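Engineer: According to Swiss-Prot, the record shows the following:
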{"type": "BINDING", "residues": "HIS17, HIS19, LYS103, ASP251", "note": "Zn(2+) 1 binding site"}
{"type": "BINDING", "residues": "HIS19, LEU20, ARG21, ASN45, HIS140, LEU223, HIS255, ALA267", "note": "substrate binding site"}
{"type": "BINDING", "residues": "LYS103, HIS140, HIS178", "note": "Zn(2+) 2 binding site"}
{"type": "MOD_RES", "residues": "LYS103", "note": "N6-carboxylysine"}
{"type": "ACT_SITE", "residues": "ASP251", "note": "active site"}
Amino acid sequence: MTAPSQVLKIRRPDDWHVHLRDGDMLKTVVPYTSEIYGRAIVMPNLASPITTVDAAIAYRQRILDAVPAGHDFTPLMTCYLTDSLDADELERGFHEGVFTAAKLYPANATTNSSHGVTSVDAIMPVLERMEKLGMPLLVHGEVTHADVDIFDREARFIDTVMEPLRQRLTALKVVFEHITTKDAAQYVRDGNDYLAATITPQHLMFNRNDMLVGGIRPHLYCLPILKRNIHQQALRELVASGFTRAFLGTDSAPHSRHRKETSCGCAGCFNAPSALGSYAAVFEEMNALAHFEAFCSLNGPQFYGLPVNTGWVELVRDEQQIPENIALADDSLVPFLAGETVRWSVKK
């Protein structure tokens, strides 16, 4: 019997979906991402959404100012799509290398999404321009109608929004972000080379029982919400198969402790400190470590048409405890897996 590997050496990974926030929170959380990842697709859903080239340039600079010396990190900026967005502004940002992609939030689907798109028809001229440019569309794939159960939002989105959109714009590059259901896993698997998906560590590791049985665990509450076990298993099987159009996107989404542990708590898991080791544990459990590097470091660049990072990262089998909290200026931040022992960690 072969002894389990003690070290995993992979090309430096990228995070294809992260929330870095702004202000003091940004300064606190950026180093957890910039230390490990070469690049990250930065979500534009600030309190004032990133909808212009100038706003994206200014936000990118604030991120870079928060990157510690010695970290080689490139934030990849995204444009927040709204019903009134100017297609020329989007194209200018793409040509100038400011915008890597554009993000579609259905209105009120998640944090700071009230400015989001009310219907795909409202932004069709923008999407048609993106198709011509070869600019990726990043999609939070949930419908938000009041009559749709929260656990059914993703599956309904596929039928009513995603598939009709892709039938209309057959050459539009689409990333179905943070997929959570067997429906989405099958849909992406059956899709063509213009369709890819990101998957978070929490949706691979946990299901809704973990969040709700024996007490509500607010630090597992995120959107899209954790689903039942059969969906978790479908996601695990997708990544374990070596499917090349699925890649790492943590959806790391920090909120201060008092905004999570409250009667009406915010959605999001701050998983940046432990995400890479969490993914490694899942791939190991699935006997799929042969596909781990591709998921973390190769599949994303291939879909985006970007070069693979030149550096390397090592993970070591070394049990470490995740801190209970991380200090903020006037509060604290509870990380994903707080207080728990993890078996894979990034070698410093």
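Heads up, the Cβ atoms here are built off N, Cα and C, so glycines get one too.
Tell me what's around each of these sites.
Structural biologist: Reduced to three states, the DSSP call for HIS19 (Zn(2+) 1 binding site) is coil.
All protein chains considered, the CB of HIS19 (Zn(2+) 1 binding site) has 26 other CB atoms within 10 Å.
Spatially close to LYS103 (Zn(2+) 1 binding site) yet at least six residues away along the chain are MET43, PRO44, ASN45, THR78, CYS79, TYR80, LEU81, LEU137, LEU138, VAL139, HIS140, judged by Cβ distances under 8 angstroms. Under the DSSP three-state reduction, LYS103 (Zn(2+) 1 binding site) is assigned to strand.
Around ASP251 (Zn(2+) 1 binding site), the C-beta neighbours below 8 angstroms that are at least 6 residues distant in the chain are HIS17, VAL18, HIS19, GLU177, HIS178, THR198, THR200, CYS222, GLY268, CYS269, ASN271.
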Engineer: Looking at the binding-site residues LEU20, ALA267, which sits with the largest number of other Cβ atoms within 10 Å of its Cβ?
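Structural biologist: Its Cβ has the most other Cβ atoms within 10 Å: LEU20.
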Engineer: Rounding to the nearest whole angstrom, report the longest C-alpha distance spanning HIS19, LEU20, ARG21, ASN45, HIS140, LEU223, HIS255, ALA267, listed for substrate.
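Structural biologist: Greatest Cα separation within the listed binding residues comes to 19 Å.
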Engineer: For the Zn(2+) 1 site given as HIS17, HIS19, LYS103, ASP251, which other residues of the same chain have their Cβ within 8 Å of the site's Cβ centre?
Structural biologist: VAL18, ILE41, VAL42, MET43, ASN45, LEU138, GLU177, HIS178, GLY249, ALA253
Engineer: Which residues does HIS255 (substrate binding site) neighbour through Cβ under 8 Å, counting only same-chain ones at least six apart?
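Structural biologist: Correct list: GLY265, CYS266, GLY268, PHE270, LEU333.
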